[in-house]
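Input: a single structure, listed below in structure tokens.
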């Protein structure tokens, strides 16, 4: 218990009668004035505020000694200056357990350990044990079956030797040979009495053992006769093989056993507290070093246990040391534990304080562990409103992903599993019949072609102009039409149907509302964002979808193999809710995918090696990040799942767009230009126009293209052409003047002249609304 100093003014009058400090025979040390408090007199106590608790009313003290002064009431004045020579008495300041609410045992939130051990209750641990037993039995059977001829030769050589050893041992037992040295010693010492005792004892043993041998010989010989003359051949052969094997083992030597060793022990060292403390002390952290030297500061709130295919240790680090401090030095920790880097995984415990470290050390490197099968590979369907299986963690446990109301970014170097991770998400979305799929693969290899038959919009191409046009058409359809339409539908619904103003499973299932979830997926999105023609508009449309789409049931998933500021605009990367980063080479790429300063926080995808394909860091799906390996689904398996997804949608009646045979206009429809269409509907002689007026006229001109456009959508479509909408004063049909968003004819003509010049230098020409323009040459 800690104390603060307190003076006693009632004893000031006696100060002169005390011995001087220099001559004090008691030898008291120097008094350090921490806080000095005058003791109140009875008169003062009468005027005091009795509502304030008194220390002696709260803290139980022993009775004062005979010569001591009993504590009295006092007032606390933290600003009071110390007086020279005032006596200081210690006053307890720590609360006494059991006297303050919140400190009673029933007030504490103690963590109760599970009554059933983890290795029994954890399904992954049980499955690992059963799998290990099965694999080991299978291996041993194969190993020994191949060596059967060798074992037969060894038995043939060793049976005679084994028979001779058995006969020798039997003879020694019957003749009591073990007492022969004792009788010889008695003869040497000429001890007749001792020799007679030993001789008599030996004779008794020999007689008894001969009798036992005679009794046992009858059934043994009878059984042998039955086996030889009456037993079925298989039984006789089996018994003969057993007897020969036994004699062969008896005829062998310790260094050359009859049967070879099928498994060379590769026992993984157990994880102990001493190993952990020694490893933590080698991380060059001063607080950890002091804790190791003093033997205090590093504690284990729970025993070190097996969890899955590895060891788990819960560690309370010294005060001031966080789990992130350890994560930053994962490589050094692995070295100190003498384990491969892929086996050592320190992480925080999101349910505890920042100093709680969960250290999991696997038996095998994560990249060398057997990949698990995707739970939805053979049966079942998904629901994007619920988490679906996306990956497994280091311990083999399923890591689920909830995509609804979120967006996702996937980044990696080429050939490290980015598209395979994307394939898991695409197939899961395809297995949800309610989801409308917009899938654009700009590598052109058809990696996502397995779900083409289920997609409302699908395009695969090597990021040429027509491929980017098709992608932009889908972006515009969602950003300029669907966002506005869905917002209006949700706004019009009664509060009891849509209390949170967002899409719910019930609303999504109501086909008349058209609020089905939309998944927009763009693989190799850097090809779109770095395009001089479409990059700026694509970034703006994606930003709109990221910010407004989740509540409206629209999910954006982007994948890139070149995560930098140009190929992945900051406005997009900084707003993605879920991130999955596989191997990257530098800190910049790491932070572009996972977020600013994640590298400094010890979350580093740069530590993955060439063998770590499919392994990455998943962030934003839960309270903390996880290192996971996405499920591996090869081409044939993806095709089978894609067919099942198509059947589910066909049965549910949710096929639409290209899945029903519809051909997008970007490929075969009429060729037109947004600027030319605006010029066509702009009234002759009009110098300026409201955006809403143009939207109505464009919808009348091409309803299949412009239906649902509003002033905001038109403004976004005009920005890439250099036209910025602003406030325009005009009068409506009733003659009432007003300022509304619009643009001028001069801006339109300027943009059309620039577009005409581009036609002479660009081949082919594409316009802002996603359709192919006419091809011209200079």
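The backbone N, Cα and C atoms fix where each Cβ goes, and this holds for glycine too.
The region 'Disordered' annotation in TrEMBL covers 1-107 (among others).
Residues or ranges marked as compositional bias 'Basic and acidic residues' in TrEMBL: 1-20 (among others).
According to TrEMBL, the feature compositional bias 'Basic and acidic residues' maps to 33-55 (among others).
Residues annotated as compositional bias 'Acidic residues' in TrEMBL: 74-85 (among others).
Look at TrEMBL and you will find 88-101 tagged as compositional bias 'Low complexity'.
What TrEMBL lists as transmembrane segment is 210-231. Sequence-distant contacts of the transmembrane segment (210-231), counting only residues of its own chain at least 6 positions beyond either end whose CB sits under 8 Å from a CB of the stretch, comprise 174, 239.
The domain 'FtsK' annotation in TrEMBL covers 385-591.
What TrEMBL records for 412, 413, 414, 415, 416, 417, 418, 419 is ATP binding site. Sequence-distant neighbours of residue 418 (ATP binding site) (same chain, six or more apart, CB under 8 Å from its CB) are 410, 411, 412, 559, 560, 561, 582, listed in sequence order. Under DSSP, residue 418 (ATP binding site) is assigned to a helix (H, G or I) in the three-state scheme.
Residues annotated as region 'Disordered' in TrEMBL: 739-778 (among others).
Taken from TrEMBL, the feature compositional bias 'Acidic residues' applies to 768-778 (among others).
It is 412 that, of the binding-site residues 412, 413, has its Cβ surrounded by the most other Cβ atoms within 10 Å. Annotated ATP site 412, 413, 414, 415, 416, 417, 418, 419; additional same-chain residues within 8 Å of its Cβ mean position, judged by their own Cβ, are 561, 582, 583, 613.
Mean predicted confidence for the domain 'FtsK' (385-591): the pLDDT average there is 92. Under a cutoff of 8 A between CB atoms, and with a sequence separation of 6+ in the same chain, the neighbours of residue 415 (ATP binding site) are 613. Note on residue 419 (ATP binding site): other Cβ atoms within 10 Å of its Cβ, all shown chains, come to 21. Neighbour density around each Cβ, counted as other Cβ atoms within 10 Å, peaks among the binding-site residues 414, 417 at 417. A C-beta separation below 8 Å, combined with a sequence spacing of at least six in one chain, links residue 416 (ATP binding site) to 582, 583, 608, 612, 613, 614.
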